[in-house]
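First the structure, in the form of structure tokens, and then the observations on it.
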């Protein structure tokens, strides 16, 4: 069987560049493991590959959905699993690139998704939000499931409602229903190359700060304004993601542009730290320090992929 390459790491570490270079060298196709790149019209804030980069190798799960459409980890698992089979059937190497930890882990380990929820319960809480507001909804969750409430911002209405829905359906708080156990890491198939990119924290933070500046310079505020003018609600899940929610705050006059940049940089650094914490728990990941040189990492991956391809032939 042809190899499956998975490249993970914190935001701004260079995953996309490595994945693209590898795809060009081994006949690969890239599957985005990013929860925002799947949406149309959200380009700058999700650091989506440029049109020129998209021409260099086939890409999947990018620009697939309207921002109003839901896209869950369960949907990612189903879509990505099918794509991996199709890519291998074409004789190409599937390369999953992304930093959404739940997406990546759902591909590798058994995961219990609550796919069959209750529309009645969701509608009830959606009506509650309209009448009482986000903060009141969050207070209900605090009473029923304090641990989950601590992890969710009151403005993350979709996930707060989801937590309440699970609690009502199962009779147990979401925090007590851990879908993964920390030590439940299924052994990888021999064909899977699970690669993690990292760097010294100061370097990661420096890259993040610069990346945020570039996003603003490239038009993050203008892109977000166009989305709002088109009629998209700022409460949509994609517009609550990092970068876009900050742009919304600025456009609403809640913060200045300079304040927005500082908050965005801070929150992105915190996000990168959480990403690393999530991935560091997984003993199956083979880590590379990007300060040692991307070219060296790329060459090693090319050789490993070609060796596996030769065995298949």
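Placed from the backbone N, Cα and C atoms, the Cβ positions cover glycine too.
The ATP binding site annotation in TrEMBL covers 9, 10, 11, 12, 13, 14, 15, 16. Under DSSP, residue 14 (ATP binding site) is assigned to coil, being neither helix nor strand in the three-state scheme. Summarising the environment of residue 14 (ATP binding site), the number of other Cβ atoms within 10 Å of its Cβ, over all protein chains shown, is 16.
Taken from TrEMBL, the feature substrate binding site covers 11, 12, 13, 14, 15, 16. Residues near residue 15 (ATP binding site) in space but far in sequence (CB under 8 A, at least 6 apart, same chain), listed by position: 7, 8, 9, 97, 98, 99, 197.
Positions annotated as region 'Interaction with substrate tRNA' by TrEMBL: 34-37. Break the region 'Interaction with substrate tRNA' (34-37) down by DSSP state and the numbers are 0 helix, 0 strand, 4 coil.
As annotated by TrEMBL, site 'Interaction with substrate tRNA' applies to 100 (among others). Secondary structure from DSSP puts residue 100 (site 'Interaction with substrate tRNA') in coil.
Here TrEMBL flags 122 (among others) as site 'Interaction with substrate tRNA'. Contacts of residue 122 (site 'Interaction with substrate tRNA') defined by a Cβ separation under 8 A and a same-chain sequence distance of 6+ are given as 161, 165, in order along the sequence.
Highlighted in sequence order, 9, 10, 17, 47, 99, 197, 207 have their Cβ within 8 Å of the centre of the Cβ atoms of 11, 12, 13, 14, 15, 16, the residues recorded for substrate, and are not part of that set. For residue 100 (site 'Interaction with substrate tRNA'), the Cβ neighbour count at a 10 Å cut-off comes to 20, with all displayed protein chains included. When Cβ atoms from all protein chains are considered, those within 10 Å of residue 11 (ATP binding site) total 20, not counting its own. Across the residues of the region 'Interaction with substrate tRNA' (34-37), the predicted structure has a mean pLDDT of 95. Taking the C-alpha positions, the distance from residue 100 (site 'Interaction with substrate tRNA') to residue 12 (ATP binding site) comes to 13 Å.
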